[in-house]
Amino acid sequence: MGIIEFRNKRNRLALRGMKRSPDVSPRRLSDISPQLRQLKYLVVDESIKEDLKSSRSVEDINSASIGLTSIEERILRITGYYGYQPWTAIYNRDERPRENLTPAEAQVPAAPDTEGQSVTRCCLRLTASQARKICWGVAMLLGVCLSWTGSTQLAKLAFRKFDAPFTLTWFATNWNFLFFPLYYIGHLYTSTVKQSPRQRYRECCKFFGDDGLTVKVFFTKVAPFGVLWTLTNYLYLHALRKINTTDVSALFCCNKAFVFLLSWIVLRDRFMGVRIVAAILAIAGIVMTTYADGFHSHSVIGIALVVGSASMSALYKVLFKLILGSAKFGEAALFLTILGGVNFVFFSFVPVILYFTKVEYFDSIDAVPWGYLCGVSVLLLTFNILVNFGIAVTYPTLISLGIVLSVPVNAAVDHYTSEISFNTVRVIAMLTISLGFLLLLLPEEWDQCIIKLLTRLKVRKKEEAAEGNGEAGPGLSWSRRARSSMSNFTH
């Protein structure tokens, strides 16, 4: 009994010593020498086999000591390197090595690799999904570009007959009423669980809090965004009266840089050097655009208006994230619809005042170019729908590219419809702002992705070089043998 107890005690100590914590990982062979010495005294007793039978640990220990061919793998299994402990692993009988199976089990053919087939199907499905997203992304990119360019060009044409930027802003913002009805139609078409408009409205109102849309929430969390929305559109449209559409669309791309700066300051977002460079490029593009027109008062006012519009847009996005957070599609549609209501209720008196003070005066209702106004409103509504809901079918980066793509499209339209001069400074300014916008689209982990890509390329080159040397090796040795045999033959 004493020998058995001593042996059991020694085995438990050996097992206890071998089960190292994953937090303490050996780095040298000398660090695990005590565990290696304990292996000589490790004898599995019948009582231990009965205790560990449920976890199949004895078979795992035998497979770990018999089936291993490399000393490195044996050491890793013995010491639990990186938390790998084979005697605590539980797996199915089909996962055991074929050499450790019983003769009856070895005669049974292996089951087909259904897992590999499922993985292949998953990869194919993922590839098809990515291709579908890219196709939708191209469509969204063109839609965003054309809607934004079209609304800008139509607004420019409307101001030739209807010099009333705030009235146009008020009229176009009222079309936000259509957001939630259009969303509800899409909900009825796509959702399996149909809800009434009232039920859907109450569910979306939970976005504003547990009590829903109360008077306090309306004036503290909704009305300020209505003011920012109106200011953003009014300053943008008012700038079209001062400068050309190419400069306006290019300068408005700076709002991405302003969003980053405000997010860094207000939201404490991660600091990224490449985005600081993009912000500097945006500011440099603004200065060069001003210099391209010779610092005239007319152009300076127009550039200031566009920069103010971009700033209001950035402030809107940052405050929305700070106060309300992220919204689902139904919640975003309801919020934009409420903004249309805010515009209609609280700003309807402004066009009336501007009309009677003759700041924005027109002769009669018949003189209003309703075609241009409705066209601008429809295109702005389409633009906002694509920007806010396009992420459901494609990548956000492709949608953002549509905005910067509107700059060369507006430049092409201005080149054929107006007498704008594209001097070197203006072209460099547009390219600088566009480059800054593209840098802001880079993901946060872009540097690590590039490092991984370069590492993979280096490893692949080394493997190809090693394969080339391996293929050249036998031929070289064969030629050497041939030379030696020929030399022996001649001698």
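One-based numbering along the chain as shown.
Yeah, the Cβs are placed from backbone N, Cα and C, and that goes for glycine too.
TrEMBL: automatically predicted annotations, no manual curation.
Marked as transmembrane segment by TrEMBL: 134-155 (among others). Tertiary proximity for the transmembrane segment (134-155) is limited to same-chain residues at least six positions away from its ends with a CB under 8 Å from its CB atoms, namely 168, 237, 240, 245, 248-249, 372, 375-376, 379-380, 382-383, 386-387, 390, 393-395, 398-399, 401-403, 405-406, 409-410, 413.
According to TrEMBL, the feature domain 'EamA' maps to 136-290. For the domain 'EamA' (136-290), the model's average pLDDT works out to 88.
Packing against the transmembrane segment (175-192) from elsewhere in the chain are residues 200-201, 204, 329-330, 333-334, 336-337, 339-341, 343-344, 377-378, 380-381, 384-385, 389: each is 6 or more residues past its ends and has a CB under 8 Å from a CB in it. What TrEMBL lists as transmembrane segment is 175-192 (among others).
As annotated by TrEMBL, transmembrane segment applies to 213-236 (among others). For the transmembrane segment (213-236), the residues of the chain that approach it from at least six positions outside its boundaries are 165-166, 169-170, 172-173, 205, 248, 252, 305-306, 308-309, 312-313, 315-316, 319-320, 323-324, 335, 338-339, 342-343, 346-347, 380, judged by C-beta separation under 8 angstroms.
Taken from TrEMBL, the feature transmembrane segment covers 248-267 (among others).
What TrEMBL lists as transmembrane segment is 274-292 (among others). Beyond its flanks by at least six residues, the transmembrane segment (274-292) meets 247, 250-251, 253-254, 256-258, 260-261, 299-300, 303, 307, 423, 425-426, 428-430, 432-433, 435-437, 439-440, 442, 446 of its own chain at Cβ-Cβ distances under 8 Å.
As annotated by TrEMBL, transmembrane segment applies to 298-320 (among others).
If you look up TrEMBL, you'll see 332-356 (among others) marked as transmembrane segment. Long-range contacts of the transmembrane segment (332-356) within the same chain: residues 164, 166-167, 170, 173-183, 201, 204-205, 207, 213, 218, 222-223, 225-226, 229-230, 324, 362, 384, 388-389, each at least 6 residues beyond the stretch ends and with a Cβ under 8 Å from a Cβ of the stretch.
According to TrEMBL, the transmembrane segment annotation covers 368-386 (among others). Sequence-distant contacts of the transmembrane segment (368-386), counting only residues of its own chain at least 6 positions beyond either end whose CB sits under 8 Å from a CB of the stretch, comprise 140, 143-144, 147-148, 150-151, 154-155, 157-158, 161-162, 168, 171-172, 174-176, 178-179, 182, 233, 336, 362, 399, 402.
For 393-413 (among others), the entry in TrEMBL reads transmembrane segment. Within its own chain, the transmembrane segment (393-413) is flanked in space by residues 133-134, 136-138, 140-146, 148-149, 152-153, 245-246, 249-250, 253, 256, 386-387, 422, 430, 433-434, 437-438, 441, which lie at least six positions past its ends and keep a Cβ under 8 Å from the stretch.
Summarising the annotation, TrEMBL assigns transmembrane segment to 425-442 (among others). Within the chain, the transmembrane segment (425-442) has long-range Cβ neighbours (under 8 A, six or more residues past its boundaries) at 246-247, 250-251, 253-254, 256-257, 260, 274-275, 277-282, 284-286, 288-289, 291-292, 397, 400-401, 403-404, 407, 411.
Residues annotated as region 'Disordered' in TrEMBL: 467-491.
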